[in-house]
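Visitor: Below, the features straight out of TrEMBL:
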BINDING   Ser75, Asn124, Glu168, Asn175, Tyr199, Tyr251, Val269  substrate binding site
DOMAIN    345-456  domain 'STAS'
DOMAIN    481-578  domain 'Cyclic nucleotide-binding'
Amino acid sequence: MSILPPSPTPSLETPLLRFLKETHARFGPLDEGEVASYIPELGKADPDHFGIAVATTDGHVYETGDTGVPFTIQSISKAIVYALALDTLGAEHVEATIGVEPSGEAFNSIRLRADNKPFNAMVNAGAIACCGLISEATGEAAFEMIRAALGAFAGRTLDVDDAVFQSERATGDRNRAIAYLLRTYGGVRGDVDLILDTYFRQCSILVTARDLAVMGATFANHGVNPVTGQVVASNYAVARTLAVMSSSGMYDFAGEWIYRVGLPAKSGVGGGIVAALPSQLGLGIFSPRLDAHGNSVRGIRTCAAMSESFDLHMLSRRGDVRTAVVADYDFRTVPPRPGRQTKAQEILAARSGAIRVLELSGQLSFATMDYVTRRLTDPAGVPEFLILNLHRVSTITDAGLSLFIGLIRNQLPAGTTAVIAGVEGSSPVAPQLKALRDQGVRVRIFPTYDAAVEWAEDQIVYRHGGFSQVGVEADLAGQSLLAGLSLQEISDLSRLGTRVTFDQGARIISASEPPAKVFFLLRGMVSARAANDVRLATLIPGMAFGELALIEEARAADVFAETEVVCLELGVEAFRTFEEANTRAASRIIRNLAVLLAARIRMATARIEMLTG
Ligand code: GLN
């Protein structure tokens, strides 16, 4: 038999990749437009190059065509340099020098506003002023700082095309004229040649369509590069840069562009276009043939096709705030967790409306969180414990968080405790919630839903006197696992077991060891914990643990002594011996176990039904 060499696993094509390939094929034959030649070196570009790349906000990059071919970034650099200036020089300073009005003119227009400020940072005058501000603040370091910022947006180190730089420097009199004009009004200060060198160099940085897509996705991902995970710009700088891109990124085509395509974008005379749709995607296109506005012909067509096919217009958004609440219930409809002693069960059954649970999901934003708070305006509907499960929440915006904190601090009735589940200590909401607690607000935080429900139930049981005291030894006859056994049978069973004591903190059961014993808790408190140390359940005297050893081969969780603990430990072998002499009692125990498990399943099923509607 011959051994076949391993074949590379082909990957299946997603609909978006297919669409990009089709779009590439569709616009490939388009040969309208001219390669820019006012910078002589740019005239050497291959007009047929065509690459389309899309980067998602989770860091995946789709590519088709010439997405690895380097070309000079040109005016696209203006967007990133503007964001850099806002972040490093302070928005007030930058905004005092450069306007944010669309000029409605060509990129190289020499006209300034009536107050002699450049219209915006996306046209040459504004970009040169921006470059001037950075040079003024950082001197010689300006260019390297700009190169590093562009590289951080792209997720790699970027080089400069020196030939293009020299070529533009040799022929860039119009930009020189703009810079001198700016200087007469204080729009740039210092050495014009030095500032222009920085500007020309910035425009000569080499990128690929792939780089542009990642840059776009970094804008779309609120300034966090989704490929490297690096925070490269602030929310403020990203939002404001996208705003100027929306109104002025495509020069004298900007109005038409935002009306039809509806994506914040920036083009460059090298043939690149970057577009970004916040929280959705970044788009990078390279095709050097330009239209009369200086925008890539195939680039424009590709963006328009994408926008139209996938409804990407930034003002054509939809969302249903109601999806934020997956389930809203109390324990009249969902059975309580089993395993508690009869008295505790009775107390909980009589107060099944005392806990209300809202299971939240997705993004908690201004609109979705407002909706959540509106479900809680009827005081009669807000009981002693309000559990808000955030386990499925993906993000909380600043506005969402402010409404969330407002709900807990001011909206809930005085007697209600907010129990926040699904929040790890590392979560950004944790410190805010802890601060509320320190201020005396009734709020508790738990890493899991189960721990939150259990805590709320414990409070109810405790308040109504149903807590069997942890320090008092429980009678074996009160064990739900031994219900229905005669006193003689219980005493026979207990003689086969051993009374054991554990110190506080001791590990009684390790999930990695084979199950060999069942423990009846007589005194103290134990907790079952998952591998990540999350507390799954707390047990008090009268409950058994490790009971699955009677029927199963594997342990589910670690069990720790929370206090000093006294147990009756019964080996599985001892149970088998008991079974031989007491068939009826043994099968009763197994039946009790089945009843407990069935109750757990009922509870889990009811909750799954709540969640899946
Ligand atoms: N470096 C070019 C210039 O200033 C950039 C122009 C552009 O890409 N629109 O002329």
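Cβ coordinates come from backbone N, Cα and C, glycine included.
Because the structure is a prediction, the values reported are computed rather than measured.
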Visitor: List nothing but the one residue from Tyr199, Tyr251 whose Cβ has the fewest other Cβ atoms within 10 Å; the candidates are the binding-site residues.
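Guide: Fewest other Cβ atoms within 10 Å, among the binding-site residues Tyr199, Tyr251, is found for Tyr251.
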Visitor: Which state, by DSSP, holds Ser75 (substrate binding site): helix, strand or coil?
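Guide: Ser75 (substrate binding site) sits in coil per DSSP, no helix or strand.
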Visitor: For the substrate site made of Ser75, Asn124, Glu168, Asn175, Tyr199, Tyr251, Val269, how many Å separate the two farthest Cα atoms?
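Guide: The span, Cα to Cα at its widest, is 20 Å.
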Visitor: Only counting partners 6 or more residues apart, tell me which same-chain residues put their Cβ under 8 Å from the Cβ of Ser75 (substrate binding site).
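Guide: Once residues fewer than 6 apart are set aside, Ser75 (substrate binding site) is near Phe107, Met122, Asn124, Ala127, Cys203, Lys266, Ser267, Gly268, Val269.
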Visitor: Sequence gap of 6 or more, Cβ distance under 8 Å: name the residues on the same chain that satisfy this around Glu168 (substrate binding site), in order along the sequence.
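Guide: Spatial neighbours, sequence-distant, of Glu168 (substrate binding site): Ile39, Glu41, Phe200, Cys203, Ser204.
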Visitor: With respect to ligand 1, which members of the binding-site residues Asn124, Tyr251, Val269 satisfy a Cβ distance under 6 angstroms to one of its atoms?
Guide: Asn124, Val269
Visitor: Same-chain residues six or more away whose CB lies under 8 A from the CB of Asn175 (substrate binding site)?
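Guide: Listed in sequence order: Asn108, Asn124, Ile128, Leu196, Tyr199, Phe200.
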Visitor: Taking 10 A as the limit, how many CB atoms besides its own sit near the CB of Asn124 (substrate binding site)?
Guide: 24
Visitor: Give, as a single whole number between 0 and 100, the mean pLDDT over the domain 'Cyclic nucleotide-binding' (481-578).
Guide: 87
Visitor: Using all protein chains in view, find how many other C-beta atoms are within 10 Å of the C-beta of Val269 (substrate binding site).
Guide: 25
